[in-house]
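As C-alpha cells, the structure follows; a few thoughts come after it.
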Ligand SMILES: Cc1cc(N2CCCCCC2)n2ncc(-c3ccc(F)cc3)c2n1
C-alpha cells in the first residue's frame with residue numbers, strides 16, 4: 001500500500017512523511033513497539049570511528065524514532081539501551097554509555113515535555129551511577145503528567161534476572177500467605193515483573209541483522225510480532241519504522257490476532 005505512495009527515497013521531505021503517516025494510520029497501529037537498537041559499534045567500525053561515535057549517532061536516532069512514534073499514535077515505545085551483560089564492555093565505553101541518558105535528556109527533555117511524552121525506565125536502578133539515575137528520575141518527574149507516548153528505556157535490564165526475581169517475590173508472598181498456589185497463574189505472575197500493569201509488546205524490531213533476543217523481555221514477547229532488519233541502528237530512519245509497521249499491519253490482516 002505504501003509502495004504506491006511517492007518514492008520512499010525522499011521521505012526526508014516532511015510533506016511526504018506526513019502523507020505516509022496518514023496512510024499507515026488508516027490501519028491498526030501497534031500500541032507497544034519494542035526495539036533492540038543494535039549495530040552502533042559496527043556502524044562506527046565501518047567508518048574507522050571509535051565505538052562511542054556509533055552510540056552517539058544512535059542516540060540521535062532515538063530522538064527521531066520517538067517523534068515519529070508519537071506522531072503515529074504508538075502508546076508505548078520500549079528501547080533496549082543497556083543490558084545487564086553490557087557491564088562487561090571496556091570501562092571507557094561503559095562510562096560513555098552511562099553519560100548518554102544525561103546528554104539525551106539535557107538536549108531533548110524540553111522537546112519531550114512539549115510533545116506530551118512520558119519518560120519511564122525499567123531495569124536495575126541500584127547499579128546505575130548516581131549521575132545517570134538522577135538525570136532519568138528528573139526526566140520521569142518532569143514528564144509524569146504527560147499522557148502521550150510512553151518512552152520506556154530498558155537500562156541495566158536483563159530478562160532472566162527479572163523472571164528469577166519475580167519467582168523470589170512470589171515465594172516470599174506465598175510464605176506470607178499473600179498468594180496461594182491456586183492464585184498463581186500467568187496473569188498474576190506478570191504482576192511480579194518490572195513490566196507490571198503494562199501491555200506486552202505488539203511488535204519487536206531488532207536492527208543490524210542479529211536474529212536473537214539477547215535476554216530481552218523473554219516473558220513479555222510470547223505473542224509479539226518480530227521484525228528483523230540488517231540496517232544498523234544509526235542508519236535506522238523513518239522509512240524503516242514505517243516499513244516495520246506496514247509489515248505488522250499486513251500480518252494482522254492475514255492472520256489476525258491468532
Ligand atoms: C545507556 C544508553 C545508551 C544509549 N545509546 C544510544 C542508542 C543506541 C543504543 C546504545 C547507546 N542511549 N540512547 C538514549 C539513552 C537514554 C536512556 C535513558 C534515558 F532516560 C534517556 C536516554 C541511552 N542510554
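The backbone N, Cα and C atoms fix where each Cβ goes, glycine too.
The Cβ neighbour count for residue 38 (active site), using a 10 Å radius and every protein chain shown, is 24. The active site feature in TrEMBL is assigned to 38.
In the three-state DSSP classification, residue 38 (active site) falls within coil. For 38, 225, the entry in TrEMBL reads Mg(2+) binding site.
Residue environment of residue 206 (substrate binding site) contains 23 other Cβ atoms, counted within 10 Å of its Cβ in all protein chains. Look at TrEMBL and you will find 39-43, 51, 55, 83-85, 87, 89, 206, 212-214 tagged as substrate binding site.
Positions annotated as active site, proton acceptor by TrEMBL: 86. For the recorded site, residue 86 (active site, proton acceptor), the DSSP three-state label reads helix. Cβ neighbour count for residue 86 (active site, proton acceptor) (all protein chains, 10 Å cutoff from its Cβ): 17.
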Under DSSP, is residue 213 (substrate binding site) helix, strand or coil?
coil
Report the nearest neighbour of residue 55 (substrate binding site) in space among the recorded positions 38, 86, 225, comparing Cα positions.
38
